[in-house]
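Before any comments, here is the structure.
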Amino acid sequence: MTTRVLTGITTTGTPHLGNYAGALRPAIRASTQPGADAFFFLADYHALIKCDDPARVARSRLEIAATWLAAGLDPEKVTFYRQSDIPETTELTWLLTCVTPKGLMNRAHAYKASVDQNNAKGVEPDDGVTMGLFSYPVLMAADILLFNAHKVPVGRDQVQHLEMARDIAQRFNHLYQGDFFVLPEVQIEEDVATLPGLDGRKMSKSYNNTIPLFEGGAKALRAAVSRIVTDSRQPGEPKDAEDSHLFTIYRAFATPAQATALREQLQAGMAWGDAKNALYELLEGIVAPMRDRYDALMANPDQIEDILQAGARKAREHARPLMARLRDAVGLSRLGAAPVSAAESKKPSAKGARFVSFREQDGSFRFRLLAADGDELLVSKPFVDPKAAGTVIKQFPEGEVVLADSGDVTLEGAVVAQACAGVDEVRIRLALASLAG
Ligand code: TRP
C-alpha cells in the first residue's frame, strides 16, 4: 500500500540554502520514491500567527511556491496546495478544538516559551499571546488529520506538535467511536544535513548567517560564500576538513568522490580562498539551472496560481468526503438524517474494523470488511471453500491493496473483492489498519 507523506512550510520567509538542503531536497526526493503519495502545502494560515504584514505573507507564498517548483517538485505526482485554499482545514480545526483539552495546549513549547519570556520581563504571563499562537497545534493537527497522513517529515522542533496531533486524533476517534483518523507518525530525517551557516552555527535567518538560494543571483551566492568564516591557516599549511564548516557545506552538495578530493587538497595545503572558489563553483553548478526556472516562475505568478488551484482541487477531493463523515459523526448532518449519539450508534464491535465471512446459497464462501462503525466497505468474490477465503483475509492487512475506479479491489495484483458504493481507498486502508483482534 502507498504511504501518505505530508508536510507544510510556513510562508513567512525566503528559502535559503539551508532550507533547501534540510527540507526541500529530501522532501522532493522522498516524493519520487515508489509507493509515495506526497502532500506538500504552503502553511499560510500558520503564517498569520507570526506575521501581520500582508505584503510579506503574500511575497513569501509566491517565493516558496516558486522555489519548490524550481527545485523539482512535480505537481502532477505530488498534491501541492495552499492551506488557505482548503476550507475544510478551518472547519476541522474547530471540531478538533472542541475535543482538545486546554491543558494539553498549555504544555506546547511555543506557548510556554512566550510565557517564560513574559515572566522574565515581569509582565502578564499571556502578554502578546494570541489565540492563534495558543491553538497553533490544533491547526497543525487539522492539516495532518484531514488527509490521513501516515508520515510527517518535520524538524525536531515539531515533534511535540506531532504527538499532540496523535493525541487529538485518538480522542476524537474514541469520543465519536470511529476510525476517522490515522495516527500520524513523525519522520525525522537523521541523515539529512543540518547545514551550518557562515559562522558555523546552524544556518538560520535568526542568526543572520544564511547563504541565499536564489535571491540576488550568482553574485550574492559568491559574496556569501566568500564570507564563510575559516581558521587562520595560511596557504600551504595542512587543513583538517572535518574541522571546517566550509567543508560540511561542500559535502552536503558534493558526490562522495568530490568530497574526498577536496578533503585531500585541504590536507595538502589548499588555500581557503581556493576552497571557497571550489564551493562556489559546486553550488552554482547545482543552483543555476534551478535559479533559471525560479526566475521564469516568479515572472509568471499566474502559472503558479493555476498549479496551486489544481492542487487544491485534488486535495479537496480527499478532504470533502472525510469532512462529511465527521460532520455526521458529531451530529451536524442534515436535519431528518436522524442524528445518533455515539453511545446509541455503538455497534457490536466499536473497537475496530473486522472481516465477516458468510456462505452463499450456491455453496460458495465470501467475506465482507466492516468498518468499526459497522459500515460495509467491501464484499469479496466467491471462494470455493472457507480456507481459500481465510487465506485472503489473512493477506489483507499486509498486502498491497489497490482500489480501481471500477470498484475492483486488488490484493497483490489479483482482484479479490468489490468495494461498496461511495467507499474510497483511504477508508479501506483505515479499516485494515484498525482491524479488531
Ligand atoms: N508548523 C510547521 C513548521 O513551522 C509547519 C506546518 C504547518 C506543518 N502545518 C504542518 C508541518 C503540518 C507538517 C505538517 O515547520
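Using the three backbone atoms N, Cα and C, a Cβ is placed for every residue, glycine included.
Given the ranges 11-19, 236-244, the record in TrEMBL names 11-19 as motif ''HIGH' region'. Checking the ranges 202-206, 302-306, 347-351 against TrEMBL, the motif ''KMSKS' region' annotation falls on 202-206.
If you average pLDDT over the motif ''KMSKS' region' (202-206) in this model, you get 91. Filtering Thr12, Arg156, Leu195, Met203 by Cβ distance to ligand 1 (under 6 A) retains none of these binding-site residues. Geometry remark: Leu195 (ATP binding site) versus Asp143 (L-tryptophan binding site), CA distance 27 Å.
Taking the Cα atom of each, Met203 (ATP binding site) and Asp143 (L-tryptophan binding site) are about 27 angstrom apart.
The binding-site residues in question are Arg156, Lys205, and the one with the fewest Cβ neighbours inside 10 Å is Arg156.
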